[in-house]
Amino acid sequence: MSSTLHSVFFTLKVSILLGSLLGLCLGLEFMGLPNQWARYLRWDASTRSDLSFQFKTNVSTGLLLYLDDGGVCDFLCLSLVDGRVQLRFSMDCAETAVLSNKQVNDSSWHFLMVSRDRLRTVLMLDGEGQSGELQPQRPYMDVVSDLFLGGVPTDIRPSALTLDGVQAMPGFKGLILDLKYGNSEPRLLGSRGVQMDAEGPCGERPCENGGICFLLDGHPTCDCSTTGYGGKLCSEDVSQDPGLSHLMMSEQAREENVATFRGSEYLCYDLSQNPIQSSSDEITLSFKTWQRNGLILHTGKSADYVNLALKDGAVSLVINLGSGAFEAIVEPVNGKFNDNAWHDVKVTRNLRQVTISVDGILTTTGYTQEDYTMLGSDDFFYVGGSPSTADLPGSPVSNNFMGCLKEVVYKNNDIRLELSRLARIADTKMKIYGEVVFKCENVATLDPINFETPEAYISLPKWNTKRMGSISFDFRTTEPNGLILFTHGKPQERKDARSQKNTKVDFFAVELLDGNLYLLLDMGSGTIKVKATQKKANDGEWYHVDIQRDGRSGTISVNSRRTPFTASGESEILDLEGDMYLGGLPENRAGLILPTELWTAMLNYGYVGCIRDLFIDGRSKNIRQLAEMQNAAGVKSSCSRMSAKQCDSYPCKNNAVCKDGWNRFICDCTGTGYWGRTCEREASILSYDGSMYMKIIMPMVMHTEAEDVSFRFMSQRAYGLLVATTSRDSADTLRLELDGGRVKLMVNLDCIRINCNSSKGPETLYAGQKLNDNEWHTVRVVRRGKSLKLTVDDDVAEGTMVGDHTRLEFHNIETGIMTEKRYISVVPSSFIGHLQSLMFNGLLYIDLCKNGDIDYCELKARFGLRNIIADPVTFKTKSSYLSLATLQAYTSMHLFFQFKTTSPDGFILFNSGDGNDFIAVELVKGYIHYVFDLGNGPNVIKGNSDRPLNDNQWHNVVITRDNSNTHSLKVDTKVVTQVINGAKNLDLKGDLYMAGLAQGMYSNLPKLVASRDGFQGCLASVDLNGRLPDLINDALHRSGQIERGCEGPSTTCQEDSCANQGVCMQQWEGFTCDCSMTSYSGNQCNDPGATYIFGKSGGLILYTWPANDRPSTRSDRLAVGFSTTVKDGILVRIDSAPGLGDFLQLHIEQGKIGVVFNIGTVDISIKEERTPVNDGKYHVVRFTRNGGNATLQVDNWPVNEHYPTGRQLTIFNTQAQIAIGGKDKGRLFQGQLSGLYYDGLKVLNMAAENNPNIKINGSVRLVGEVPSILGTTQTTSMPPEMSTTVMETTTTMATTTTRKNRSTASIQPTSDDLVSSAECSSDDEDFVECEPSTTGGELVIPLLVEDPLATPPIATRAPSITLPPTFRPLLTIIETTKDSLSMTSEAGLPCLSDQGSDGCDDDGLVISGYGSGETFDSNLPPTDDEDFYTTFSLVTDKSLSTSIFEGGYKAHAPKWESKDFRPNKVSETSRTTTTSLSPELIRFTASSSSGMVPKLPAGKMNNRDLKPQPDIVLLPLPTAYELDSTKLKSPLITSPMFRNVPTANPTEPGIRRVPGASEVIRESSSTTGMVVGIVAAAALCILILLYAMYKYRNRDEGSYQVDETRNYISNSAQSNGTLMKEKQQSSKSGHKKQKNKDREYYV
């Protein structure tokens, strides 16, 4: 079949082979034998491709070539018919044939090419073409088979061949050479009856002087480029060739007509006055460049043009005379023409014959189409580029030339245009655009850039394209996915099918997905997605991409393979705004609207690989320079491929899978429980108890068509929600849940709601078996449009969604519990278990939430691998039970519960049924029995635990029955399985009884059921075949004592009574746990403390003490839990009042935790040097200070101790504020802080309760709910808030001596000392004169204050607390004056007592001298390393009351009675109140075993027969009870079984003591009641004061003055209910005058 060729695109490629093989031109010789064949690798002729070879024969029939689709419809066959070549082919069962006009059986060489272009196939024979065209349903040919030359093997089944009789066709006889697919040589797979060493025309070696022979149009041609000779056989000297005379021109003349182009410049000669009309033309020029692609010369338009360009380093010529394009490409033997060396090009045309030669040697000759011979052009002659190169007709490239051009000359029969010279002399018809330099300068190469990480990207300026535009670039990578280019336009509100506003934008993008290149375009009417490659392009080779658009239509070319596209709608304008992103997207995408169809963006796939030669609208972009200017992270200005595989060094840790990427290794951490570049960082774990969840609230509604989801989970339940996406506006969801021990994936795209035509409801997949085994399991979900893949461990399930709708909408990602339930008919069961490494589309959400990297995380689950006890219920007696609705377990069953008991026997679960069916679970002699009857008689399965389970520990029980009637009982880790034959269904009726039965039911139980009593103990986490009942609220009937929670029967301190190093403290009828230094809270210190997450932008929590209530301390305790990944940051800092400079700071430096503090001398620091703590794990740090001594401990690591040398001050003066987060100091902390405790203040709890003294700013977010501060009764373990603290208030004496001369041998107390600083602007330890606002004596009162909300100190076992020997007869010595006794009346303070204002006259100040267990020796000198101060232990059974009565004090003298010294009794305490500002002081009587009181050093007790214990403190009565005035009780002091909390010793040079545990917290509370005998007490008080005045009136050691504005204790109410006591203000007056009224007071 012969037809006229219109617009046939013929490409003739000259490829020079290397070495001796080329010189010999070896080929295949076919003998024409039966069953002869040569088999080559499949030729992809599906859409666009070329195949060529040369042959010689003398026969008229024979099969040349054959391929097909495996016996269906499509085939292509070349054969000889009557001496001519016939092309016969079929597509989609539509067949045609083409027959050449030329005879070929003439024993001459012939060149044959088959060119495929979708519906058209062209047969080219010796430059003449015949085409055949089909109009099938599909525009491509399906090729399955390999390619056969010379014949088809007879062993192939005829049914597998599409063309009937092809095997019977006679074989080809002759020679075939140089078979190529495009430019590449295919691989020979095998042959039969073929001689492989046939010589071609080059076998005679016709080329002289080392020239290389190759075939051109069937004739041998010589390549003389490397010989220095010319001519047809390389036999002529080049200097004698007149055709090359221009090479002999002087260098000066050559340089005169040369110009440099840099990509934006070009020359334009106007032909409108003198149009070209010629039948023969000649173009000559020389070029020099580093550039691979660029326009050299162009003239003409429409279908009449000449285009000369550099394409991928080869010279390309395209000529169209009106009947179709002729293209010739000339390539060098070695390398490319873009080698920055001069190359000469000569193009000649004579009528239809076209010849192009490069460097006078490489020559290609061809013919234009049809009979058109005239070239006409009245347009422009472009040199070096054009305004829009991509839009020029026939242009194979889209960018301008970069390099040097010289002596560009066009001539025909009529004119000669020396274009370079005309530009140089500025001819009027020649326009010069850009800065063209008329000499050859070096043009900087467009260096490639390498994106080394997926996060790397650079920003390009806005692409100003409206109706047309072009982009070209080269890329190279080995990774399959990555976003290469993206830009979009202005958001526009449009209504979608849901009749809702939807933000749409015009956008343009190029992405690499699964190794294929895609173009995405939306011009306002919908997105098109064009696949531009037929094979994967991530093989590490360079690929050239050229995109050209004109209105709605355009093409994308990859390595010259073009794919056309047409945008949707009618608009021809692409409206873009903002930057264009190359290589990826920025981390902050707030201003970006990402299209749903752009999967790489939604999946967070950044491009990793190289990009070079980026041209936009023909103009180059120096992307290397842009990357340097933007300081782009992860972008390198070079491109080289590492030869060694990166995974050979096994870089991935923790059994992660290593994959080789582009010059990097990729560690797949899925399933390892770790994350990071090498999977070195442990991923955070969330624990769920059925009431907990984590909800990620997306900042905006998300729409995706592709998702990657992975996580690990561990659970003992067979049911429960794992992860789900939910929408507020639709039923769209991607949900993963446990369903009967399997993972169920359900995807619902709500197709019905948006009026889709085809929908079958949610798509469901299942994978995995028996996953409720309390082991880690890994889940992965991959969705790409309609394709679904679910993988659980190694079990894979795949599916395809039905319908055209692929978009998933969601507002939230939820775990544990589904809170968005509006569009859900059946709510999934809550999850009980652990979740880790949740990654959704590249984001690790659990760790992002924990570290504060995201602000839209709602967290109720708890971090850490915790022992989960969900919704526990206590059955306090064996007669207690409850009933629930019938257990639904007809075909299968999954039961789970936890129990804890000390009883060996008891009913746990029972449900009777129809007939004999029943199920029972019981505890028999400490072992679980599972008893059941399905109708075949009762069976029992007994648990095989290693020991009885009534050990007061929690145990897990799982009972399952599957469809095959296999029953299994798992107790903790032990499993027993039994297969039951016969009936398979369990038909239950009536109530399900839990923990027991009604009394009358025990006598009617089936046999094999042993229990005759109920269960006494705790049940938790009860799961009844997927249903999580609330045992209390869902009960149909309850009987006996059933309580929520599980306190357990233990009322004494055990080793495990308090978790997380909490301190167990024995109480009267129970125990409490001191959680102060643990960062935890709750009854047993196993609940998280108040937790705040500090974001990356920094935050600050600032607590400020009231101005009149600023403490000063000699010792401090600080504890906090944290997790972070920062290397530097301040966690907590406490500062003194302005001007003092004292501070204490907890910080992380170089990843290690440390504390630095200054209390008046130099900075003292202590640091944990061994291990960094910025590993993202949860750590608890504990710090104690006693004077200059300090301890620091992290978790259970060894304690760091620091004892500074030399003289050290000890008091931390006038503490003013606590700053948490480091933002105020510029050292930001990012991460989680939990349970902060400092000297009695739980600052984070106070912040969560909106304490008015706390301010919060910056990125700070509270996690979950604030732990309850309400206590329980004393008979059970109590929370740490219901505790008592000991406060000892001392003031320092000002003396006339200097500090250097003072003695350092003073006695130090071991308790924390809170020192009233009286707001002095100087250090309390520096004897600088400080004048208070008033004068007078100052009281020094050791106080024991009952604090209802502070944490108790440690209780220890010790002998009786003894009294100081010097104060047995009468312990109270008070000196005062009449003036000082009138303080109360002068203050005029209001009354806020419990009784109201009427009871104020009878309120009093209750004073107790019972301190922290220290003794006082009167023989010791009254000296201290800073001040003279004394503390006395004093117990009174009367109270010293002060009230407004006749302008003075009423005082009750204390007295001692022998009944006060009884063991296990507490002395009577009277409660009175002076005003609302008075503290309640409760004193206790120490028990004594002897009447003698030995002398003991301060802070020590006589414990010779005891093991070392922490410091002795006294436990007060709880404030929740009224004191019985008729009974005397002594404090209970026990020895708890716990690890000591490290505590710094007092500052004492040269002595190191075992750290104790003590704290000082100052609180106040109101007192009630009236003191009897006011008058007698006042009289006694006056006598004592007079005696004291007489004895001490002549002392010259300085005096204390009473500041009447501050000597009352204020009750400043706090938001959390505690009362803060105002400090007493002191004055240091080392040089003050002595006045007679100055007195000293010791109480």
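Cβ atoms are placed via backbone N, Cα and C, with glycine included.
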N1301, N1616 - residue that Swiss-Prot labels as N-linked glycosylation site: N1301
Co-listed Ca(2+) 2-binding residue [Swiss-Prot; alongside D732, L749] among R641, R664, R807, R822: R807
Record-annotated Ca(2+) 1 site (Swiss-Prot): member among L317, L321, L362 besides D304, M374: L321
Ca(2+) 3 site partner of D1142, I1211, N1213 (as recorded in Swiss-Prot), chosen from I1159, I1164, I1166: I1159
Among ranges 544-568, 1294-1318, 1394-1418, 1544-1568, whichever one Swiss-Prot labels region 'Disordered': 1294-1318
Residue among C610, C669, C679 that, according to Swiss-Prot, closes a disulfide with C639: C610
Cβ atoms near D732 (Ca(2+) 2 binding site) (within 10 Å, other residues, all chains): 24
Neighbourhood of R807 (Ca(2+) 2 binding site) by C-beta distance under 8 A, where only residues 6 or more apart in the same chain count: T596, H703, T704, E705, L749
Cβ neighbour count (within 10 Å, all chains shown) around L749 (Ca(2+) 2 binding site): 26
DSSP three-state assignment (helix, strand or coil) for R807 (Ca(2+) 2 binding site): coil
